[in-house]
């Protein structure tokens, strides 16, 4: 049985394409059942996020299974296959396993190390389990992916460094103030950077967030999203004394906060420190503000330096994570191979043993005056011969480094000797520890 992956991501398709094939999380039953109803597809999990849509499936027919899933994606979403296909990737065997382990470990994410993707895959697996589209192989496969992701998080520092300007700003604020839960943040601007910063500040425990923007409606919208307080831009100078941390990212062509403003602001704050983060280009805050006592100003260049350093560190940690993924691939394939190899070996030995015993019985029954103990010796002899004959094929089957050749060997033996192989059981899953 083969694991296959068919999908697209931010690396292969623009958002205009990704949104065409996205699956609604609350409506997963229908597409999951449709995939497992495809010929030769036995199990399926659908992962659909803002950055990727992927289908994980099991099949004996790799090429056919991939083609059917591609056609399903096109037909289900009413998108021409010729348009979709140039954005799709497909993997099977070890490549499929490596891909999913890397995705779960956030090695394939837009921001390497981000934690959201693991939770999204767990949610997707939950739907597959609920609607019974996953079975023994994908159940084990996804649990192994979760285990790999946990190892990566535990054994590397891949998620510990800021790799976006907005996140770097929050990390810098933490270094300056320590605990941020009792601090008030003022966001000047309502664009993507301010939105990201709002998310990060709230994630680290900030409860007081204010938002101002030249267009008040945009400030209101962002404030509503994060349970913050919208402020009219005209009230900026009256609002500044209430803020401990000010992050500014507007499109203004000139400074909106000047050195001369700070004397009155600090007096009203009783000279408590203020932390300014100016990530606008051109800059929003007069650089001379940094010369004012108790005012600390950082620009986008300061933060980019932090990000660049952390990106280099994250590359080192990513290499460690890739090594963990490679280790775990071997363990998973050892278990996967055993699902079909072990029953086949048992069936092969049973088949040969039945022939041996039948021929031994015929020989013994027609042998008059058989010496005492001879039957026992003949039984041992024929059993030894059988073991010698089966040793080499059994050893080859038990090897775990053969990739898809094991499937060929298993199918060949089953067909050549007309073997009756028992079904795969849940007990096999216990052969591989987390």
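Placed from the backbone N, Cα and C atoms, the Cβ positions cover glycine too.
According to Swiss-Prot, the feature active site, nucleophile maps to 50, an assignment based on sequence analysis. According to Swiss-Prot, the substrate binding site annotation covers 49, 50, 51, 52, 109, 114, 115, 116, 120, on the basis of sequence analysis. Annotation comment: Swiss-Prot describes 189, 190, 191, 192, 193, 194 as NADP(+) binding site. Annotation comment: Swiss-Prot describes 99 as site 'Important for activity'.
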CB neighbours of residue 99 (site 'Important for activity') within 10 A?
22
Taking the binding-site residues one at a time (49, 120), which has its Cβ surrounded by the most other Cβ atoms within 10 Å?
49
Using DSSP and three states only, what is residue 109 (substrate binding site)?
coil
Taking Cα atoms as reference points, which of the binding-site residues 189, 192, 194 is nearest to residue 51 (substrate binding site)?
192
Far apart in sequence but close in space: which same-chain residues, 6 or more away, have a Cβ under 8 Å from the residue listed as 'active site, nucleophile'?
15, 18
Between residue 109 (substrate binding site) and residue 189 (NADP(+) binding site): CA-CA distance (Å):
27
Nearest of the binding-site residues to residue 49 (substrate binding site) by CA-CA distance, picking from 191, 192, 193, 194?
192
Please give the substrate site's span as the largest CA-CA distance among 49, 50, 51, 52, 109, 114, 115, 116, 120, to the nearest whole angstrom.
15
What is the total of other Cβ atoms whose distance to the Cβ of residue 194 (NADP(+) binding site) is within 10 Å?
25
Give me the count of other Cβ atoms within 10 A of the Cβ belonging to residue 115 (substrate binding site).
11
